[in-house]
Amino acid sequence: MSSPTAHVTQPMNSAPRGFDPEKGLPAGFARFYRPLHAELTPRQKALAARREEVLKEAHGGRLPRHMPPSEATVSEWRISLPAWCFDQRNQMTGPADDAELVVKMLNSGAPGVMLDLEDSMANRWENLMTGVQNIRSALHGELEYQDLKRGRRVGITPSSTVVWNRVRGLHLSQAGIFPRGEITSASLFDLALIAFLVEPDRLRHPLCIYIPKSESAEEALWWRDALRAVAVARGWPADSVKCMALVESHPLAHQMEEFLYHLRDHILGLNLGRWDYMASLIHFTLEDPAWVLPDRNTIPHDVPFFQRVRLLMADICHRRGALAIGGMTALYPSREDPELNARALAMLEQDKRNEAHCFMDGAWTGHPDQNAIAVAQFPAPNQAGARPPGIERYPDLRPAPDNVGRRSTDGTRAAVRTVIRYRNGVLNGKGASLLDGYMEDLATDRIYRLMLAQRMKHSRTVAIPDPSGRQVDHADGFVHGCFTEALARLVAELPRGKDLGDETTLRAAAAASEEMIRNGRFNPV
């Protein structure tokens with residue numbers, strides 16, 4: 001395995017071979033979508049190409065930085081937060097293709113729920129179509145699932161929960177819906193299909209979209225135009241579709257105010273997607289040995305490179321009238337394991353209390369048992385009237401991770417085992433998997449792949465000891481050996497283990513993960 005270099009691919013979900021959009025998509029959608037595609041997909045491709053340039057510049061020494069003062073930062077403007085969105089102290093998230101989970105989240109009492117077509121859902125056509133139909137049914141209050149234990153159908157209980165819908169990011173494309181191999185923007189396809197299917201008079205609040213994976217304020221202009229174009233095509237007011245946006249890339253953390261400004265007629269808040277943010281931070285500092293991070297599960301939730309973004313986000317959002325939402329706690333409670341359950345809920349309480357102290361207005365969870373504890377950590381429906389004291393306007397968002405956690409070969413082996421198991425889940429149709437108590441999705445998979453790449457690239461200058469204290473060079477052979485050992489153990493655990501699939505998919509997962517690291521493929525795929 002050679003030392004990885006930066007390389008970006010634009011992966012695609014594809015409709016089945018021979019797919020006829022006139023028959024396989026809702027009647028009239030192909031005609032509705034074609035002009036949107038013609039207007040916005042070329043711009044999406046250009047923005048994706050620009051991302052490659054920015055990453056290449058970073059690896060050449062020009063790292064992301066704050067933008068100079070502009071109309072966005074010096075003029076007086078504010079976002080008008082509607083009453084139905086005042087309280088978002090917890091937004092529960094999960095894959096949209098799981099009807100049972102969607103209903104349970106919507107019945108959990110959480111102030112917000114995010115139905116996901118992105119990281120927690122496998123990027124396959126059948127999953128996407130199921131997810132979109134579930135979103136439509138959920139927004140119309142019609143979604144049900146069969147409770148096998150109780151032998152009854154369970155539907156959605158009416159509530160004030162705000163329903164958000166996360167579409168796929170600008171880095172992704174959709175194939176198979178146009179003839180002659182023409183591809184389209186996955187973001188636009190998801191947004192347009194959801195908008196086309198919903199009936200506004202059956203919604204309790206405006207259609208709400210969660211924007212993922214943005215990397216610049218310039219991309220906000222694309223999203224603004226997409227939201228407007230889709231609304232106008234449906235015959236709605238241009239500003240009728242609302243949104244929140246995840247800050248989960250290192251460049252965007254330096255452009256949050258500008259991003260809000262461009263979307264000010266639509267956007268209601270920002271969210272720190274901290275696991276993807278950590279992956280992005282590693283990716284942009286991949287050439288710097290000072291940024292070889294410790295084992296992931298030894299990094300505290302209040303590490304400075306998270307804390308500074310939290311405080312800056314809260315300051316910017318509250319100055320401009322928007323909400324600031326915190327991230328996901330990865331350790332999940334367990335009703336079968338009392339010790340793990342107690343540890344997970346204690347970690348949740350500590351994590352959400354820290355975000356409340358950083359003047360955030362809420363956070364994310366992924367399990368119904370987390371909702372009450374998460375909400376309780378925030379002192380009021382929101383803190384939009386308060387700002388963190390003493391915040392620099394342009395803080396250093398790359399504080400060195402000194403004296404944080406620890407590096408070890410055990411951490412390396414844990415990373416290898418996790419990426420194999422995660423990718424095995426993807427090959428079996430799952431975008432997120434509960435592994436050793438942690439909910440691992442695409443973001444944490446990216447972190448582990450990048451951490452392994454860091455250790456390979458810099459292990460001769462950065463200490464990584466084994467349990468006896470001996471320093472271990474993470475050259476190609478050592479990491480390949482870790483993959484071989486982990487795969488053998490996982491195969492030996494079949495079929496007793498909880499992983500899906502069989503030896504064939506485990507071997508394919510190991511090969512795919514190792515290939516991604518070898519070829520520098522670290523984009524979220």
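Yeah, the Cβs are placed from backbone N, Cα and C, and that goes for glycine too.
The model shown is predicted, which means the values in this text are computed figures rather than measured ones.
Per TrEMBL, these features apply:
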ACT_SITE  Arg166  active site, proton acceptor
ACT_SITE  Asp441  active site, proton donor
COMPBIAS  1-13  compositional bias 'Polar residues'
DOMAIN    165-378  domain 'Malate synthase TIM barrel'
REGION    1-21  region 'Disordered'
REGION    384-410  region 'Disordered'
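Around the Cβ of the residue listed as 'active site, proton acceptor', the number of neighbouring Cβ atoms within 10 Å comes to 26. With respect to their backbone Cα atoms, Asp441 (active site, proton donor) and Arg166 (active site, proton acceptor) stand 15 Å from each other. Here the region 'Disordered' (384-410) has, by DSSP, the following mix of helix, strand and coil residues: 2 helix, 0 strand, 25 coil.
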